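Everything below concerns the one structure shown next.
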Amino acid sequence: MQIAVPKEIKNHEYRVALTPTGARELVGRGHTVTVQAGAGEGAGFADAAYEAAGARLEADVARVWEGAELILKVKEPQAEEVARLKAGQTLFTYLHLAAEESLTRGLMASGATCIAYETITDRQGGLPLLAPMSTVAGRMAIQAGAHSLEKAQGGAGVLLPGVPGVAPARVAVIGGGVVGENAARMALGLGAEVTVLDKSIPRLETLDDRYQGRMKTVFSTADAIDEAVCECDLIVGAVLIPGAAAPKLITREMLAEMKPGSVLVDVAIDQGGCFETSRATTHTGPTYIVDGVVHYCVANMPGAVARTSTQALTNATMPFVTALADKGWQQALADDPHFLPGLNVHDGRVTYQAVADAFGLESVDPASLLG
Ligand SMILES: NC(=O)c1ccc[n+]([C@@H]2O[C@H](COP(=O)([O-])OP(=O)(O)OC[C@H]3O[C@@H](n4cnc5c(N)ncnc54)[C@H](O)[C@@H]3O)[C@@H](O)[C@H]2O)c1
């Protein structure tokens, strides 16, 4: 199969969808891999390493896309990339369509087959291609939050662990999944006082058991969130309703109850954000202030630690990439019921219910497309 790996063009996105090790594996299986020159540079993978792995380097971006049957990316395609996509091609990448109507319609218009990393499932009901990036983002959320609490960033001037004689900061994490657990774990490690709120009792049980009472677990209700808003110095938004836009759990009105200089880190911004006042930011201007509260809402947090993230992401994507390359998308999805929900758009139609619901579109059962 002709496989293409374009260079990511989203602002400050340095990850790449395939490492030289991955390229070697695909070439070894008889596939042709074309990597856009410089695609791996930001993650520390030189062009020469891809060449040594048997990949073909291509400087002209149009030619990278043109001849490809399977396109591997990291972030959702940007407008100029959507324009390059055509019927007969398969795109495998993060899409997050439920928060992006124009992208959804653009992909439908392309006629291509679009498979999203984030809606592929596993036997435990988890999201195995979201998990590695969620781990990275969760861990980064506390680094970002701690930095935002500094006075020069508009924060309250609070040090997360406090010092002897000065109490540590209070951190609340809303959503105790992969992002939330990793954020809570980092905050605990830094000595903060940590509360995790979740709607899932089994999840709260797991956290309680795993951390032996070192973090507080609280069932997530409007009242519980209100209490966290009044008390905490740093709140991390880490909720997810798979494939759907994030619910707005902190309203603009509630900001008035927060301490001046407190910080909101909305990791769920890639699903539209879970705070009413969140709007996506980039690594060049990661924060802004609303009513005295610092907001950090970077939609591609793992891009800032591109090397770690690329390795973690490709460890998880490679089995799916090899299945797509070896068997083609129909057989690969037919053989794996957990791969099947990855299909979001095919030949002009939406195949993922939550995305269709978000925009009042009709959804087609992906199983019906497998022949
Ligand atoms: N900004 C970034 O760079 C970045 C990177 C990775 C992941 N994310 C996003 O982070 C979010 C969380 O991802 P995850 O992998 O941790 O998901 P997850 O499914 O592991 O966890 C989500 C948790 O949210 C809980 N939840 C749902 N509704 C809730 C509510 N009303 N109150 C409290 N908890 C609630 C669920 O029970 C679940 O435990 C997603 O939106 C994901 O797309 C963003």
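Glycine too: its Cβ is placed from the backbone N, Cα and C atoms.
Per TrEMBL, domain 'Alanine dehydrogenase/pyridine nucleotide transhydrogenase N-terminal' is recorded for 4-137. Among the features that TrEMBL reports, substrate binding site is placed at Arg15, Lys75. Among the features that TrEMBL reports, active site, proton donor/acceptor is placed at His96, Asp270. The NAD(+) binding site annotation in TrEMBL covers Ser134, Asp198, Arg203, Ser220, 239-240, 267-270, Arg279, 298-301.
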Sparsest-packed among the recorded positions, when each Cβ's other Cβ atoms within 10 Å are tallied, from His96, Arg279: Arg279
Cα within 10 Å of Met301 (NAD(+) binding site) - qualifying recorded positions among Arg15, Lys75, His96: none
Contacting binding-site residues for ligand 1, chosen from Arg15, Val239, Arg279, Ala299, Met301 when the Cβ sits under 6 angstroms of any of its atoms: Val239, Ala299, Met301
Helix, strand and coil counts within the domain 'Alanine dehydrogenase/pyridine nucleotide transhydrogenase N-terminal' (4-137) (DSSP): 53 helix, 21 strand, 60 coil
Among Arg15, Lys75, Arg203, the most crowded of the binding-site residues [Cβ within 10 Å]: Arg15
Spatial separation of Asp270 (active site, proton donor/acceptor) from Val239 (NAD(+) binding site) - C-alpha basis, Å: 11
DSSP three-state assignment for Asp270 (active site, proton donor/acceptor): helix
Candidate nearest His96 (active site, proton donor/acceptor) in space, where candidates are the recorded positions Arg15, Ser134, Arg203, Val267, Asp270 and distance is Cα-Cα: Asp270
Where Arg279 (NAD(+) binding site) falls in three-state DSSP terms: coil
Binding-site residues (Val239, Val267, Ala299, Met301), the one with most neighbouring Cβ atoms at 10 Å: Val267
Number of other Cβ atoms within 10 Å of the Cβ of Ser134 (NAD(+) binding site) across all protein chains: 25
Using Cα positions only, nearest of the binding-site residues to Arg15 (substrate binding site) (Arg203, Ile269, Arg279): Ile269
The domain 'Alanine dehydrogenase/pyridine nucleotide transhydrogenase N-terminal' (4-137) [mean pLDDT, rounded to integer]: 96
Subset of binding-site residues (Ser134, Arg203, Ala299) lying within 10 A of Asp270 (active site, proton donor/acceptor), CA to CA, in sequence order: Ala299
